[in-house]
Each structure stands twice: as structure tokens, then as C-alpha cells.
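Under the heading ATP binding site, Swiss-Prot lists G37, P38, S39, G40, C41, G42, K43, S44. For 5-205, the entry in Swiss-Prot reads domain 'ABC transporter'.
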Amino acid sequence: MKPKISFNNVVMRYGGFLALDRLNLDIADGEFVTVVGPSGCGKSTAMNIADGLLQPSGGGILVGDKPVTGPGPERGVIFQQYALFPWLTVRQNVEFGLTDFADALPKALSGGMKQRCAIARAYAAAPEILLMDEPFGALDALTRVHMQDQLLDAWSRERRTVMFITHDVDEAVYLANRVIVMAARPGRLDQIIPVDLPYPRTEAIRLSPEFAAIRNRVWHAVYHQQPQTDQQSSHGQ
């Protein structure tokens with residue numbers, strides 16, 4: 001089966017700074033992948049390339065069989081900062097198909113409610129792929145857990161392909177089929193860790209020794225990396 005998203009030797013430079021170095025990654029149709037790594041490892045850069053907001057300096061990305069040359073309706077994007085139009089009501093923010101929300105402005109909503117609205121708006125457009133850049137990062141711990149469960153419930157019904165960036169290792173393991181660990185300076189793929197835990201995910205799974213073992217493996221991978229220099233990378237070291 002062909003992957004839904006393919007990063008093929010993707011390189012991204014900002015002037016003399018190498019942000020992404022030869023990223024190769026396939027994400028299967030219907031897969032839920034989380035991406036973790038230290039600050040500056042290129043997680044958001046990779047997602048912006050996947051959405052078409054950035055064009056890579058080298059290599060390319062395919063969605064299905066089509067090269068990504070810009071944003072497209074088959075890709076929905078959800079950001080940490082909610083990305084709602086403050087001058088529109090909640091109803092208007094999700095007007096692509098959801099009509100049973102209250103006629104309130106986003107400023108009247110809590111953080112969790114704003115993010116529910118943003119996710120609902122993305123889902124209402126019926127994208128094949130959801131690109132999520134730390135969508136729960138600004139939420140309190142309890143709301144964050146509830147949002148994780150709601151997202152997994154929606155994903156389990158429709159199995160859209162999800163690429164989800166997070167700094168939270170527990171969140172990465174709880175949500176994903178696979179955890180993509182990136183390394184920094186330059187940003188590159190470090191390793192891929194499978195999450196062999198059943199769905200639906202529950203509180204019992206969070207507390208299980210199997211979950212702890214995977215979490216510890218991801219934690220060790222993220223926090224025990226040595227950044228390379230551009231010169232080392234260019235020599236393949």
C-alpha cells in the first residue's frame with residue numbers, strides 16, 4: 001500500500017542555517033503519527049512543508065501520488081494558538097458543516113472550547129489528512145487529557161491520517177501508532193518507535209507497565225541526543 005504522506009530527502013535551509021537535513025519519512029493512510037524532539041529539530045518546519053506553507057530547499061513531499069506545491073483542501077491544519085477568526089462567531093468558524101454551536105465569539109470561550117472549535121472546523125472540511133502542531137500545548141493538564149480522548153474518539157470513527165507534533169512524551173505515546181523522534185541542529189529523523197498498545201486507549205493503558213516502557217524509550221531518545229554541526233552533516237557523519 002502506498003503511503004499517504006511521503007517526505008523524500010527533504011532539506012530546508014534558512015540562509016546558512018540547515019533546519020532540516022534529508023528527512024525521509026512515510027506515513028500510512030489512516031495512521032496516527034506523533035512527532036517529538038528537542039526545540040529546533042524542525043518539527044514545525046516539516047509540518048509547514050507538508051501543508052504547503054513552505055517550499056523545501058531540496059527534496060520533496062508527496063500526498064498520495066501528488067507533489068505538494070501549496071496548501072490544499074485534503075490537508076487540514078490545527079495550531080496551538082487556536083487559529084480562529086476572532087471577528088466570526090463559533091458557528092461561522094465551523095460553517096463548513098457544523099451548525100449546532102452557540103452564537104458566541106471566540107473571546108468568550110475557554111482554551112479547551114477554542115481548540116474544540118478549531119478541530120471541529122478542520123473536521124468539517126472533510127480533509128484526508130490532519131496536521132496538528134502542538135494543538136493542546138496551551139491547555140491545562142485535565143483539559144488536555146479530555147481533548148486527547150475526544151481526538152482519538154473522532155479518529156477511531158473516520159481513521160483520517162494524522163501527523164501530530166508535541167513536546168509531551170506521554171501525549172505522544174498515548175495517541176500514536178508510531179512516535180517519530182527527531183534530532184536537532186540540523187533537524188533530522190533520529191528513530192521511529194512503534195506503539196504496540198491497543199485502541200481504544202484508556203486510563204488503564206496510561207498506567208500500564210507497557211505504556212511506561214514505551215514512554216521511557218521515547219524519553220531517552222529525545223533527551224539523550226547530541227546535535228551535529230552543518231559541517232558534520234554535510235559529510236554524512
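Heads up, the Cβ atoms here are built off N, Cα and C, so glycines get one too.
Excluding G37, P38, S39, G40, C41, G42, K43, S44, which define the ATP site, the same chain contributes T45, M182, A184, G187 within 8 Å (Cβ to the Cβ centroid), listed in sequence order. A coil conformation is recorded for G37 (ATP binding site) in the three-state DSSP classification, outside any helix or strand. Looking at the domain 'ABC transporter' (5-205) alone, the prediction's average pLDDT is 84. Neighbour counts of Cβ atoms within 10 Å were compared across the binding-site residues S39, S44; the minimum falls on S39. There are 24 other Cβ atoms within 10 Å of the Cβ belonging to K43 (ATP binding site).
If you draw a 10 Å sphere around the CB of P38 (ATP binding site), it holds 18 other CB atoms from the protein chains shown.
Around the Cβ of G42 (ATP binding site), the same chain contributes M12, A19, L20, L23, M182, A184, P186, G187, R188, each under 8 angstroms and 6 or more positions distant in sequence. Cβ packing within 10 Å was compared across the binding-site residues G37, G40, and the lowest neighbour count falls to G40.
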